[in-house]
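Feature list (source: TrEMBL):
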| type | residues | note |
| --- | --- | --- |
| COMPBIAS | 186-198 | compositional bias 'Pro residues' |
| DOMAIN | 34-178 | domain 'FAS1' |
| REGION | 185-212 | region 'Disordered' |
| SIGNAL | 1-23 | signal peptide |
Amino acid sequence: MINQSFLSLSLLVFLFHCTKTLAQPAQAPAPPGPTNVTKILEKAGQFTILIRLMKSTKVADQLNQQLNDSNNGITFFAPTDNAFSSLKSGTLNALNDQQKVQLIQFHILPNFLSLSNFQTVSNPVRTQAGDTGPGLYPLNVTTSGNQVNISTGLVNTTVGGTVYTDNQLAVYQIDSVLLPQDIFAPKPPAPAPAPAQPKPKTKKKTASSPAGAASVDASGALSLTQHGMLMSIGVAVIAALSL
């Protein structure tokens, strides 16, 4: 009898525990972590130089903050390590800090674009580097079938593949570094300076001019000579009449 009561009590405790456990709501999944572009690139591989540039210029921090603090989308053209290795030796080292920032920003569009969206974009496409005017930061994107072509006026390349995409961020692999005209286009020679205007000559003022005095003396001497000649002619004429 005691054993039966004990078993009944144990069964009741077990059923109560199971009912309480089943009644508890399931835990919600942990919210996703903040978007981190450099981690996406690190996971993809072959973007070591790009990641180093993004970190040294602080563009990585700005980009991550923009993605996580707003609803604005981002499209990022990511050059591979081979793309940077194809640049002329010393190209990156010749840039100052501001130019390095603008170079990375030239690869970033301030809105989300899927591959199909490129078919309807208006050129030149605006990047985070700034002005799209000629000689500055124009970027033109065209499509041919499923191929997306990109031109800076100095570099022509195509999208090689999708590294990452969601509804806010799209990262596309490219095999050439996009070189903006403002940094890499040859600058026209500076105009030659205007010829110097000759200074006007100033006449020196003198109290008396020896040349003028000489002229006066010469004129006076000439007048006396002419007077003497006239006197001689007059005397000769009178003498002839007297004969």
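Even glycines carry a Cβ here, placed using N, Cα and C.
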Express the predicted model's confidence over the domain 'FAS1' (34-178) as a mean pLDDT, rounded to an integer.
94
For the domain 'FAS1' (34-178), DSSP counts of helix, strand and coil?
48 helix, 38 strand, 59 coil
